[in-house]
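Student: Pasting a structure here, questions to come.
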């Protein structure tokens with residue numbers, strides 16, 4: 001029977017997206033791995049691959065449609081021996097409603113059962129189940145349908161498809177394997193409490209306050225909505241505390257000038273931010289207890305230093321992650337950061353390039369900001385807010401007054417993961433690495 005192709009969740013936080021462009025047309029034959037559409041998420045435009053083989057029987061959502069909810073049927077895939085006559089006409093109204101942002105039977109939440117409004121002629125795969133920890137589980141429509149027919153629990157399977165998606169072969173292999181008694185975990189058995197996040201005054205209420213004033217109304221795009229939701233959640237649920245230090249940069253600036261002179265022939269120019277990334281990465285190795293993330297009911301202590309760096313883009317920001325930063329040279333980090341920042345501004349980063357990491361850096365020093373407090377971005381345990389380096393009088397170790405280039409930093413910390421003493425040791429290590437750059441690279 002025909003299988004619905006659903007709007008994919010291309011990242012764990014994606015709830016809706018724009019179907020920017022179809023790369024196939026009705027009647028085209030596709031195989032697993034073929035590119036069939038371009039999807040615009042809150043962060044980037046990404047190509048969507050087919051996970052099953054068949055013929056595109058009908059396109060339900062036209063290209064250019066905005067606000068298409070995850071798990072909305074966007075097309076119908078026909079298997080061998082099927083024709084367009086087998087497609088239920090009930091799918092079209094649902095797709096039309098989804099394209100205009102209205103509620104539709106096909107646009108279900110990840111953990112909800114499949115819509116009963118779909119006619120029996122079209123085999124609607126069960127909606128994507130959720131894993132025991134509440135995260136979305138990725139499975140192809142055909143895999144979900146086969147799993148439902150065979151009574152298999154998709155949350156117990158590992159996917160071999162693109163981005164770990166469960167496909168037909170995974171379900172068939174599980175069906176052929178010896179059966180074992182299911183184990184119900186406490187997390188799976190416990191009910192979840194649905195709590196509404198406070199949103200403040202409604203748009204209508206605020207508009208009334210400014211009824212006699214001129215203003216332009218700016219609709220929120222996907223990125224702005226995600227930033228608003230995630231940072232509101234972070235500020236309300238993460239117990240922040242803040243640590244502040246001043247860092248003398250004179251030795252680093254001299255060392256940087258020497259390196260840049262030697263690297264000029266290779267076209268390499270190191271920035272102060274490159275040194276900060278390296279200093280943080282090494283510090284996370286020096287204080288391994290701080291190299292951790294919050295995982296709901298536990299802490300994951302990371303082995304590698306994966307450092308996220310905030311990059312301003314039009315309408316928001318990205319935090320590309322420099323993996324294994326402690327193992328990379330300054331020139332390698334500099335080149336990678338420039339590349340990722342450039343692609344971030346073009347919204348061409350893959351989700352794997354801006355997800356993950358355990359610690360972040362936000363540098364507003366280039367805007368002349370002396371200091372500021374940043375919000376921890378979950379599941380990170382901390383973020384370093386970096387201010388501008390400015391010349392100011394300081395008292396030296398010998399008691400003499402001198403002029404030094406001083407940079408103020410503030411480290412925001414998740415107290416669930418890092419206690420005060422551990423956070424202080426991490427910040428101390430960062431400061432020492434930056435004030436003694438030669439030792440940092442030894």
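Backbone N, Cα and C atoms are what each Cβ position is placed from, and that goes for glycine too.
Those TrEMBL annotations? Automatic predictions, nothing curated.
OK, TrEMBL features for this one:
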DOMAIN    2-78  domain 'Lipoyl-binding'
DOMAIN    138-175  domain 'Peripheral subunit-binding (PSBD)'
Student: What is the three-state DSSP composition of the domain 'Lipoyl-binding' (2-78), stated as helix, strand and coil residue counts?
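Tutor: Breakdown, helix to coil: 0 helix, 41 strand, 36 coil.
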Student: Of the residues in the domain 'Peripheral subunit-binding (PSBD)' (138-175), how many are helix, strand and coil by DSSP?
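Tutor: Helix/strand/coil tally for the domain 'Peripheral subunit-binding (PSBD)' (138-175): 24 helix, 2 strand, 12 coil.
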Student: Could you please provide the mean pLDDT value for the domain 'Lipoyl-binding' (2-78)?
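Tutor: The average pLDDT of the model in the domain 'Lipoyl-binding' (2-78) works out to 88.
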